[in-house]
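Copied from TrEMBL, the annotated features are:
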| type | residues | note |
| --- | --- | --- |
| ACT_SITE | 130 | active site, nucleophile |
| BINDING | 23, 47, 48, 127, 164, 192, 221, 249, 250, 271, 272 | FMN binding site |
| BINDING | 47, 127, 193, 194 | substrate binding site |
| DOMAIN | 6-293 | domain 'Dihydroorotate dehydrogenase catalytic' |
Ligand code: SIN
């Protein structure tokens, strides 16, 4: 390794490195979260939880694709009380623990945020963007609902709250969402969730390749990196510095992480690459990022953060 300092912080919570797991693959039970605790992931991020345990959507609900994956997991999780109970064990790994919650109503999110506010968890990420629940719209695409939810969940305690956003594709939506976020004490946003409701068809079988929702699912991995970068960049330009940004979407090597750094991300999360390659990916991406930055003469993340150069 070289001397590039990859340490960072989110809402004052120190992270030893720039790279952590995303709420998504392999972070649902204690065994999986322990593997993340023992890896180089800078934090332990849980699967998005709901009030009650969920089996999730019918199988097959995940398929690898050449440059990523499509999934419609449907929030399989153990229910929030199980994650509350796990926090002391997870904290033993000596790194921050981040809980992801994904209620089906404002009331659900109030119940879960209130409970985690009383716990030793370090950060709370509220998922406003799961595209895979039949009959439930993504909160992040409903600005009225977003505002109502933010008003309720940011008033429940001092533990830092972040929001996982859906990808946006129109400048008016970036501006509208940024203006809402500025009105509440949101400490960070996580950009982006998968691109929801995409369809991959197998021309041989003439069927979709996943079962839930007639084959509609979230597109993940390298396909979505340009969209993730644009969302991080747009929000970095629109928000004040008191709202930090965690980048996610298509990071599978150190150069990908560096691109998110240039766009303005304070930390990044890895989902599909972790799903496909396992926990060693965190150490590899970290080493690649450090080497790439060292070769450019950078000493620390701040040297390049948000410093995308004009063409
Ligand atoms: C899922 O469990 O369906 C994925 C979670 C998400 O997209 O937020």
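The backbone N, Cα and C atoms fix where each Cβ goes, and this holds for glycine too.
Automatic prediction, not curation, is the source of TrEMBL annotations.
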Can you name the recorded positions among 47, 127, 130, 194 whose CA is within 10 A of the CA of residue 221 (FMN binding site)? 194
Could you state the whole-number distance in Å separating the C-alpha atoms of residue 194 (substrate binding site) and residue 164 (FMN binding site)? 11
Max Cα distance spanning 47, 127, 193, 194 (substrate binders), Å? 14
Once DSSP output is merged into helix, strand and coil, residue 127 (substrate binding site) belongs to strand
Where does residue 272 (FMN binding site) sit in the DSSP three-state scheme? helix
Of the recorded positions 47, 127, 130, 193, which sits closest to residue 272 (FMN binding site) by Cα distance? 193
In whole Å, how far does the CA atom of residue 250 (FMN binding site) lie from that of residue 127 (substrate binding site)? 19
Set of same-chain residues at least 6 away whose C-beta sits under 8 angstroms from residue 127 (substrate binding site): 23, 48, 100, 101, 102, 164, 193
Chain-internal residues near residue 47 (substrate binding site), provided their CB is under 8 angstroms and they sit 6+ positions away: 23, 24, 27, 28, 75, 76, 77, 100
Can you tell me the mean pLDDT for the domain 'Dihydroorotate dehydrogenase catalytic' (6-293)? 98
Among the recorded positions 47, 127, 130, name every one whose Cβ is found under 6 angstroms from ligand 1, counting any of its atoms. 127, 130
Please give the greatest C-alpha separation between any two of the FMN-binding residues 23, 47, 48, 127, 164, 192, 221, 249, 250, 271, 272, in angstrom, as a whole number. 19
Cβ neighbour count (10 Å, all chains) around residue 272 (FMN binding site) is 29
